[in-house]
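Look at TrEMBL and you will find 22-390 tagged as domain 'Pyruvate phosphate dikinase AMP/ATP-binding'. Marked as domain 'PEP-utilising enzyme mobile' by TrEMBL: 457-537. Annotation comment: TrEMBL describes His489 as active site, tele-phosphohistidine intermediate. Per TrEMBL, the feature domain 'PEP-utilising enzyme C-terminal' maps to 552-903. Annotation comment: TrEMBL describes Arg595, Arg651, Glu778, Gly799, Thr800, Asn801, Asp802 as substrate binding site. Look at TrEMBL and you will find Glu778, Asp802 tagged as Mg(2+) binding site. The active site, proton donor annotation in TrEMBL covers Cys864.
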Amino acid sequence: MSEKRVYTFGNGKAEGKADMRNLLGGKGANLAEMNLIGVPVPPGFTITTDVCNEYFEKGKTEVVALLKKEVEASVRHIEKLMNAKFGDIANPLLVSVRSGARASMPGMMDTILNLGLNDEVVEGLAKKTGNERFAYDSYRRFVQMYGDVVLGMKPVNKEDIDPFEAIIQQVKAKRGIKQDNEMSVEELKSLVVLFKEAIKKQTGKDFPTEPMTQLWGAICAVFDSWMNERAILYRKMEGIPSEWGTAVSVMAMVFGNMGNTSATGVCFSRDAATGEDRFNGEYLVNAQGEDVVAGIRTPQQITKEGSLRWAKLQGVDEDIRAAKYPSMEEAMPEIYAQLNDIQAKLEKHYHDMQDMEFTVQEGKLWFLQTRNGKRTGTAMVKIAMDLLHEGEIDEKTALNRCEPNKLDELLHPVFDKLAQSQAKVLTRGLPASPGAACGQIVFFADDATKWHADGHEVVMVRIETSPEDLAGMSAAEGILTARGGMTSHAAVVARGMGKCCVSGAGAISVDYKSRTVEIDGVVLREGDYISLNGSTGEVYLGEVQTKPAEVSGDFSDLMKLCEKYTKLQVRTNADTPHDAKVARSFGALGIGLCRTEHMFFENEKIKAMREMILAETTDGRKKALEKLLPYQKQDFYGILKAMDGYPVNVRLLDPPLHEFVPHDLEGQEAMAKEMGVSVHHIQQRVNSLSEHNPMLGHRGCRLGNTYPEITAMQTKAILGAAIQLKKEGYDPHPEIMVPLIGIVKEFDVQETVIRQTAAELFAEEGVEIPYRIGTMIEIPRAALTADMIAKKAEYFSFGTNDLTQMTYGYSRDDIASFLPAYLEKKILKVDPFQVLDQQGVGQLIEMAVKKGRSTRSDLVCGICGEHGGEPSSVKFCHRVGLNYVSCSPFRVPIARLAAAQAAVE
Ligand code: PEP
Ligand code: MG
């Protein structure tokens, strides 16, 4: 660890720079960089992320002692550049204290503004600025924020609003005023007193008056916020390691609340929801940053174009818009021009869409932050493709700019046009994060989580959201807020999650106590259905039907780019013609796994299947299988046709037979009646099929090896369907896969059955179809003896579900009983059934590929376990030289992108 713990910046100089984000956090690194490229930034310093780890190792006292000298010197540095003094009464310096991790975690950690005020300094500030209202407004905000963040003030009940907000409401109600900025100086002064009393009463703590004490309290609180519940949850969702830690940036305050030539805002160089190249954002005159994000006042648009758009959505007339909510472009044209220049400069500098915060203090513009903006999946793809076409980035960068898992959002359903046109529009808000959502109304985050866990789809309705609501937002289908604009917490976080969100629906009135929301005279209660269109901002009554998404031109451009670079092919796991078609439309180059067990469950089929299971002789079984043959043939006909020209890898029957017989008395009675046998007979057979450990029992090729007639029937069905298609002019490419072998002889016996059956069929039909026989590698012994197996099998497909099960010795069906504890205790980092264990299971795969190709050099290897659609596992498959991965249809684009990224990495 380096000895230097604090890095200063200011006046066009900085000790850090953009590529030091690991040490200085994204915010700290970019504050330094902005100084270096001539963007106006208030002076300050950043305490490194290493110190955050030290803080949790060594504790507060020791770390404060370690930091003391450097922090004090850095405060002097700010004082010098600002020509003011921290804690000075005549000429006070105030600072802000902000968090900033390596990866951006919007709103998850804490910020404190106006630090350095106390009862004396506030008087000095009032004198210095000649603006008593500003001084006391800043002071009451500081006490409020410090109380929340450092002293731990919280609402007592979840139905309650923030305790400080409650006091503000009381003060405003007394005089019948509505807006915060209508409060008199005397009222602001009274707020400070009331806030401090409330803090003392609820926490037992006095508000600290000494500025340096305040600063240490704030620095430690920011470090502590790294470990708050919502930050931990966010890291888990985004896969951010806790060792990264947060940096703390302390900066001189600049004030957006010094009067009508001051303002504050948030802006984006492109549209974070759609990806369009339109500068946009929101600002408020005479306000501080949190007012914009918290959604307490209605923010105004930065550009005129945005303002007109907003007014249209909100149904605000042009004369009212122009008078009450003018854009910054109209209200402060000179500042706007500077802002516009700098945003363009920053985007060009970082070659990516920027999300920026700024403040205007008495006509002077300051930048407080810039970062690569969070965006929806749609915007991610559009921005990457646009920047590529604009020549800002190259193809490989464009590929790497897209996060595979986020493509999922593009494939989410949208509202069915007809259903939408017939739905009752209750109101309109802002289209904060696109998508379609329907669900039952809940008002609280913990209810959203609970209802979701109970299988309900919910829409969370809030006055506004706060970082505490993260888990609920994640569990909900969509989020609707009464307050807040396009840059509100709800909007930013929802876009990051790819979750549908309508914000700032001013016409809705939420009552947490009665758990109701009133919209245009309609009262809806908890549990009622509502639908949201995050792309238009419309809110509909009831459930509106959805349909699958249509993919855009940018998406197909991205997929073309994937095709250009990828080495690894992507197939799909599909066992119906419909799934096969969907996967083809996403670019799957064949079926990597067609499971056949699901095909036996429909009416007539299950009857014949049960007949086969009950049969006591081979002949009896053959008779029942004869009945199944035409159904199976029909199944394969449809699938091979949907995948015409591409390989279809059909796996022979895999599951234990007991899965096909009923285990409850009612079902057994019905089956007895249907089959014309006694219930007792059925029960006997069910008992004889029962196994202590079915996962390791009579399944996979063990079935085909005990009942070869099943294999023969399936072979006839697969190749019979292919022959029929060939006769009709199609181009089928069947592959037959033997599951769950551990001994090469298991494969041999099955292969003989398949080849014999095929030869007979071809002779009968007078048509030959080329086909291949391969096997799954899903038992460790198969991986260990892969060289022997490859002499016989023409291809391998790694069944990593079973291979993981048998390598770890964790039952696939029972892992839920201990996985949460293992994750909690960090014994396991991730669920190995979702993310391939490269160290253990991966070693078996790598070895099996090598051994297999040592005896069959052109051995085709694929993977068809769940891991085939998980980006990090796909990248591993590329590295060990697999030919393809196979995954469910909706993961095909994800796997294609991950495969292309692996190729360019
Ligand atoms: C596997 O084991 O990985 C596999 C694909 O087969 P199943 O999940 O059907 O056992
Ligand atoms: Mg398996």
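Don't overthink the numbers, they just go from 1 along the chain as shown.
Even glycines carry a Cβ here, placed using N, Cα and C.
Overlay of TrEMBL annotations on the structure.
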residue: His489; record: active site, tele-phosphohistidine intermediate; Cβ neighbours (10 Å): 23
residue: Arg595; record: substrate binding site; Cβ neighbours (10 Å): 16
residue: Arg651; record: substrate binding site; Cβ neighbours (10 Å): 27
residue: Glu778; record: substrate binding site; Cβ neighbours (10 Å): 26
residue: Gly799; record: substrate binding site; Cβ neighbours (10 Å): 27
residue: Thr800; record: substrate binding site; Cβ neighbours (10 Å): 29
residue: Asn801; record: substrate binding site; Cβ neighbours (10 Å): 15
residue: Asp802; record: substrate binding site; Cβ neighbours (10 Å): 24
residue: Cys864; record: active site, proton donor; Cβ neighbours (10 Å): 28
>> Suppose the substrate site is Arg595, Arg651, Glu778, Gly799, Thr800, Asn801, Asp802. Which further residues of the same chain have a Cβ inside 8 angstroms of that site's Cβ centroid?
In response: Leu593, Asp654, Pro739, Leu740, Met776, Ser797, Phe798, Leu803, Cys864, Gly865
>> Measuring Cα to Cα, how many Å separate His489 (active site, tele-phosphohistidine intermediate) from Asp802 (substrate binding site)?
In response: 43
>> I'm trying to understand the geometry here, so how far is the Cα atom of the residue listed as 'active site, proton donor' from the Cα atom of Gly799 (substrate binding site), in Å to the nearest whole number?
In response: 6
> Helix, strand or coil at Arg651 (substrate binding site), per DSSP?
Replying inline: strand
> Could you give the number of helix, strand and coil residues in the domain 'PEP-utilising enzyme mobile' (457-537) as assigned by DSSP?
Replying inline: 18 helix, 30 strand, 33 coil
> So what's the mean pLDDT when you look at the domain 'Pyruvate phosphate dikinase AMP/ATP-binding' (22-390)?
Replying inline: 93
> Largest pairwise Cα distance, Å, within the listed substrate binders Arg595, Arg651, Glu778, Gly799, Thr800, Asn801, Asp802?
Replying inline: 15
